[in-house]
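Okay, structure first, notes after.
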Amino acid sequence: MAKPHPALPLNLSPVTQAGEGSIRILVVEDNPANALVASLFLEQMGYAHDRVENGREALEAFETGRYGLILMDLQMPEMDGYEASRRIRALERETGRMAVPIVALTAHALSGDREACLLAGMNEYLSKPFKPDELQACLERLTVAKPPVA
């Protein structure tokens with residue numbers, strides 16, 4: 001049995017239990033260390049997840065998979081998180097799919113960054129490094145059904 005990561009609090013409870021009603025999360029992160037941290041946090045909280053390394057791969061995964069939430073890095077090769085988010089929102093509008101919450105994960109915490117994320121269609125913004133309780137609070141706020149994008 002795997003030991004929990006030492007940085008993870010042991011008292012975190014999953015927002016949804018495995019099985020009916022649980023969501024799968026798409027982690028879009030090109031940095032292996034950051035992806036590992038996000039994966040460990042999500043595993044500790046009980047979330048199933050997949051990982052891709054850039055915006056192009058995120059679009060492919062989004063088209064074929066059913067995700068309840070996307071954690072999106074902003075600065076990536078091939079296609080950044082802003083463009084990937086805009087394209088995901090466009091696909092939702094074109095296909096009538098429900099809007100999937102997108103959380104920006106970024107090392108940039110400058111004035112205007114949050115607004116740029118929201119304009120690109122992201123719902124939330126977490127600055128790296130983030131704490132497990134910050135991620136869990138964000139997931140709890142966003143994991144309710146949303147109506148289709150207009």
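Just so you know, the numbers here start at 1 and follow the chain as drawn.
Keep in mind that glycine also has a Cβ here, set from the backbone N, Cα and C atoms.
Taken from TrEMBL, the feature domain 'Response regulatory' covers 24-143.
Per TrEMBL, 4-aspartylphosphate is recorded for D73. Around D73 (4-aspartylphosphate), the C-beta neighbours below 8 angstroms that are at least 6 residues distant in the chain are V28, E29, D30, N31, N34, G81, L105, T106.
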Return one of helix, strand or coil for D73 (4-aspartylphosphate), based on DSSP.
strand
The domain 'Response regulatory' (24-143) [mean pLDDT, rounded to integer]
92
Using DSSP, tally how many residues of the domain 'Response regulatory' (24-143) sit in helix, strand and coil.
57 helix, 25 strand, 38 coil
